[in-house]
Amino acid sequence: MTLQQIQLPVSFVVFLVLFCDGIGLLRSVKANATTVLFSGKGPSMVLPLFLSSPNASRASANQLRHLQMSDSKTGRNARMRLYDDLVLNGYYTTRLWIGTPAQRFAVIVDTGSTVTYVPCLNCERCGRHQDLGFQPELSSTYQPVKCNIDCNCDDDKELCVYERQYAEMSTSSGILVEDFISFGNQSELSPQRAVFGCENLETGDLYNQHADGIMGLGRGDMSIVDQLVEKGAISDSFSLCYGGMDIGGGAMVLGGMTAPSDMVFTYSDPDRSPYYNIDLKEIHVAGKPLHLNPRVFDGKHGTVLDSGTTYAYLPETAFVAFKDAILKELHSLQQIRGPDPNYSDICFSGATSDLSKLSSVFPTVEIVFGNGQKLLLSPENYLFRHSKLHGAYCLGIFQNGKDPTTLLGGIIFRNTLVTYDRENSKIGFWKTNCSELWERIHTNGDPSPGYSSISGRNSSSEMPPTPAPRGEPHYIISDELQIGQVTFKMSLNIKYSDLKIGLTNLTKAFAQALGIEISQVRLLNLTSKGNDSFLAWALVPSGSSNYVSKRTALSIIAQVAEHRMQLPEKFGSYQLIQWTIEPPNRIWRQQPHKLVVLVLVIVTLILGLLASGIWFIWRRRQQTLNSYKPVNAPAPEQELQALYKT
């Protein structure tokens, strides 16, 4: 969602506190790696005014601590894959399956929200999203949450309802329902009953977003984490790991996991703020500390981590010092305008397009915690690519208006495993290749081995991210279905005029990236909107084959969907919108000669009937013109005409 600076009168603040069950932390949706969407003179972030009852949920969690600790020893957790929608939409998503039988949804992982919600299918004021809305009537385990003293009720006092309003004034509201939620077939955690929202109204960026809904990971009774902890299903911990700048994906673990020995931890005070916060004291640029009072990072809500926000936002004093320190180190680069003239992005040209060499051009940054521990930030942790110029980058850290809160969004923690150890009130950080982490934890439940870039251990080196292993992808295609064609709809971050002249090369690039023949790639459609191009292309069988093998189709779908298809940089970044499977046309592919014969027969019949009709009409006309009439044959009566005298 876009971030906007809002001014609220005190009376309105009181109204919201009294009548809203809670307001989740803002998220930067629709902000991509090319444009930061703000209003006013500069980027700003406004935290919500209230969050629902965090203390009550903490009390429940503390009562179950003994059970949680015993459960954590069993190693039960939900291990889930993350999908990178950061470039186009500004967020990461995961998949949830809800109901019996299960219905699939793509949800934004958001540590700043406390409610999980997806649209109801019958919602008339919801946008068009990635999947169909939730259909309660199709689930045999569905139950609405009846009105009670612990919830807000609808006007009829029959059902519990929820309403969430975010800082940029987008809203979500609907009814609270309960059903089984499954976390995927790679999770050890069995499906669990949980309460979530079924939307019947969306406004603002929630209405326009591609993802179906939100997975609330924040602190609060409605949080999916709190619900699982209260049931004793998982220990009071979860972890997120976002992929890098060019290679997306990543992993999420609900529940405990083995922490690497060199993971850096910092204290997270649950009473300091309803949001996940850390004890940030200093920022170093190129090894030199910024000259700041450490208290600058402790204003208002302190230093907050929010996985649903794209970029990072510093108080004014800290931002100015950070920007000046970065500019001082970039002697060989030229400062240029940002990709969108409406915003004053700080961008630089003349850098390399090779991500592994960025550290030789841009300075490293370290954040220092209150306990003296340091976390190294590589350039990809504070930059985003300029969308209109190759080898150009822009700062992904902005001034937070006049708000003294420090907000660290997803960009800061690319290729960093972040463990939210709520049970022990601490948050851990460990530099690793997040696009590979899924395979490591799936294999043995342990994030190691990997690489660590924690300060003090070869902090100047940087390992470039590598694609995830190409194992059997986890996409479902019926065994009975023969695949005649796989269609992909996607957007490319490149102008239509630039793309149109290179379509042949793009087709070759698709084929080479996927390891297939160029004859198997068919461009079906090409349109444009602004600086983006939208295209549909198809994977078809090779040679004389009648269908695409299931294994080949699954492998290619996974490569495209998980951003493992590497296109030349001149085509920009891509975002998959939809993929579909089409069965082979048996008449056309398997019996082409019969199709030709059938067409000829139909054409012959049509021509024969047409000729017969013309001949019949001609004969009737001739008979009418030459017909013989006897002298005494009666003639048809004629209407009498009046006689006028002259």
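Glycine is no exception: its Cβ is also placed from the backbone N, Cα and C atoms.
Residues or ranges marked as active site by TrEMBL: ASP110 (among others).
Counting every protein chain shown, 26 other Cβ atoms lie within 10 Å of the Cβ of ASP306 (active site). The active site annotation in TrEMBL covers ASP306 (among others).
According to TrEMBL, the feature region 'Disordered' maps to 448-472.
Feature annotation from TrEMBL assigns compositional bias 'Low complexity' to 448-461.
If you look up TrEMBL, you'll see 595-618 marked as transmembrane segment.
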In whole Å, note down how far the CA of ASP110 (active site) lies from the CA of ASP306 (active site).
7
Neighbour count (Cβ, 10 Å) for ASP110 (active site)
26
